[in-house]
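Data block below; observations after.
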Amino acid sequence: ANLAQSAASKLSQMGERTKQLGNVIQDPGRQKRIILVIVCIVLLLDNMLYMVIVPIIPDYLEGLQKAADSAHDAAAHSNSTNITIAAKGNFDLQIGVLFASKAILQLLVNPLSGTFIDRVGYDIPLFIGLNVMFLSTLIFAFADNYATLFLARSMQGLGSAFADTSGIALIADRYTEETERSKALGIALAFISFGSLVAPPFGGVLYQFAGRRVPFLILACICLADGIMCLAVLKPFSSRERENMPVGTPIYKLMIDPYIAVVAGALTVCNIPLAFLEPTIANWMEETMNASQWEIGMTWFPSFFPHVLGVYLTVKLAAKYPHLQWFYGAIGMVFIGASSCTVPACKNFGQLMIPLCGICFGIAFVDTALLPTLGFLVDVRHVSVYGSVYAIADISYCVAYALGPVVAGQIVHDLGFVQLNLGMGLANVLYAPALLLLKNVAKMKPSYSERNMLLEDGPVGLYDTIKMEQRE
């Protein structure tokens with residue numbers, strides 16, 4: 001009986017503690033920050049998963065191929081030479097398709113997930129996305145053939161379409177004030193780049209010293225922790241009314257808005273160099289500068305620092321001169337273009353760092369300037385519901401990353417690496433002037449007047465409590 005009593009008292013204490021924690025979590029200012037942390041972890045995870053397989057999969061698939069070949073050779077010893085030749089080209093394509101499958105599925109699901117997010121809010125899709133990502137990470141860890149890897153990769157795309165879009169939309173929804181929003185989105189972007197750039201070394205080192213499963217299991221654990229945080233803070237399935245969510249503009253209407261179209265185009269074009277170089281640069285480095293494996297693994301790592309610097313600068317500049325957002329984007333694109341053109345001229349590993357850092361610096365400028373602009377455009381020209389518009393942004397990225405692994409190798413094969421880089425550089429420089437069309441965006445008056453009018457006639461539900469807190 002004593003035991004039961006002490007257990008009961010312990011439980012009630014725990015209940016009290018969780019209640020206190022709950023109150024801390026529900027404080028709006030703090031909640032914003034916690035939400036930012038959750039979303040950043042989602043983006044970090046997603047991009048680490050995207051890139052962590054870079055050093056692991058080719059090696060692993062080659063092992064599978066060899067095992068299959070040796071079994072095959074034992075069966076047919078005579079005609080083994082022509083088989084291996086066919087396998088190499090086929091092998092590149094296999095890897096390319098495996099890489100692209102995530103982006104392709106994400107492309108297809110995003111229009112649906114954007115609409116879904118606008119209907120049900122941002123938290124449930126975020127939670128769904130996290131669960132799907134968790135599953136796909138586990139499948140990756142225990143996959144033992146190409147089909148399973150392919151399934152895991154495609155599932156990851158499905159999870160991302162929900163988690164990434166709803167995460168970024170959630171940030172835009174909670175951070176309504178311009179400078180705050182650009183800062184929060186900037187932080188999220190820094191995490192995206194950190195995930196992409198830190199993953200290949202992380203994956204490579206763990207793969208070498210701890211085995212193939214370890215990096216995936218670590219990521220799965222982080223994913224689980226993030227899911228639990230998401231449940232605790234956002235309470236996605238609590239019974240609060242969704243009635244007061246305004247009806248969002250349908251995604252096809254947003255797509256034909258010329259301003260949004262210009263931004264989406266810029267996001268695609270500026271990510272093309274990164275997406276096209278990632279699959280092709282390793283081979284080129286081996287051929288031209290006899291790069292070692294660790295150099296290839298570390299190629300992208302230094303680019304993280306200029307990326308963060310670019311994000312920081314853009315956020316600071318945007319706070320000071322908010323009407324020049326389009327200009328920062330244009331500068332970024334020119335930077336990317338110039339850097340992309342100088343990649344083939346590099347003769348050694350040290351020189352190659354400079355243009356790659358330039359590309360990432362430029363991308364930071366474009367992303368950090370244009371993502372908040374998307375939120376602003378929806379505020380001004382449409383309804384302030386962000387699922388669909390950030391689904392469009394995600395689609396723009398995915399176009400680049402779906403084309404990259406499939407098309408880039410082909411271009412290098414047919415035209416050469418130099419031509420690929422010059423083409424991408426030119427595309428960026430030529431697209432930059434299109435951002436002039438966004439010059440007048442800052443002059444548009446947000447329909448705050450309307451929004452405040454709506455708020456004045458007695459806010460409903462959620463707004464009510466916030467208004468009360470503000471008055472006190």
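Cβ atoms here come from the backbone N, Cα and C positions, even for glycine.
TrEMBL: automatically predicted annotations, no manual curation.
Now, the feature entries from TrEMBL:
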- 34-57: transmembrane segment (TRANSMEM)
- 35-472: domain 'Major facilitator superfamily (MFS) profile' (DOMAIN)
- 124-143: transmembrane segment (TRANSMEM)
- 184-210: transmembrane segment (TRANSMEM)
- 216-234: transmembrane segment (TRANSMEM)
- 254-276: transmembrane segment (TRANSMEM)
- 296-315: transmembrane segment (TRANSMEM)
- 327-346: transmembrane segment (TRANSMEM)
- 352-377: transmembrane segment (TRANSMEM)
- 389-412: transmembrane segment (TRANSMEM)
- 418-438: transmembrane segment (TRANSMEM)
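Cβ atoms under 8 Å from those of the transmembrane segment (389-412) belong to residues 92-93, 95-97, 99-100, 102-104, 106-107, 110-111, 113-115, 117, 160-161, 164-165, 168-169, 172, 251, 254-255, 260, 263-265, 267-269, 271-272, 274-280, 283-284, 371, 374-375, 377-378, 382, 419-420, 423 of the same chain, restricted to positions at least 6 beyond its ends. Contacts between the transmembrane segment (184-210) and the transmembrane segment (418-438): absent, as fewer than 3 C-beta pairs lie under 8 angstroms at sequence separation of six or more. Ranked by the number of CB pairs under 8 Å to the transmembrane segment (418-438), the listed stretches 124-143, 254-276, 327-346, 352-377 are led by 327-346. For the transmembrane segment (254-276), the residues of the chain that approach it from at least six positions outside its boundaries are 329, 332-333, 336, 339-340, 359-360, 362-363, 366-367, 370, 373-374, 377-378, 381-382, 388-389, 392-393, 395-397, 399-401, 403-405, 407-408, 411, 420-421, 424-425, 427-428, 431, 434-435, 437-438, 441, judged by C-beta separation under 8 angstroms.
Taken together, the residues of the domain 'Major facilitator superfamily (MFS) profile' (35-472) have an average pLDDT of 81.
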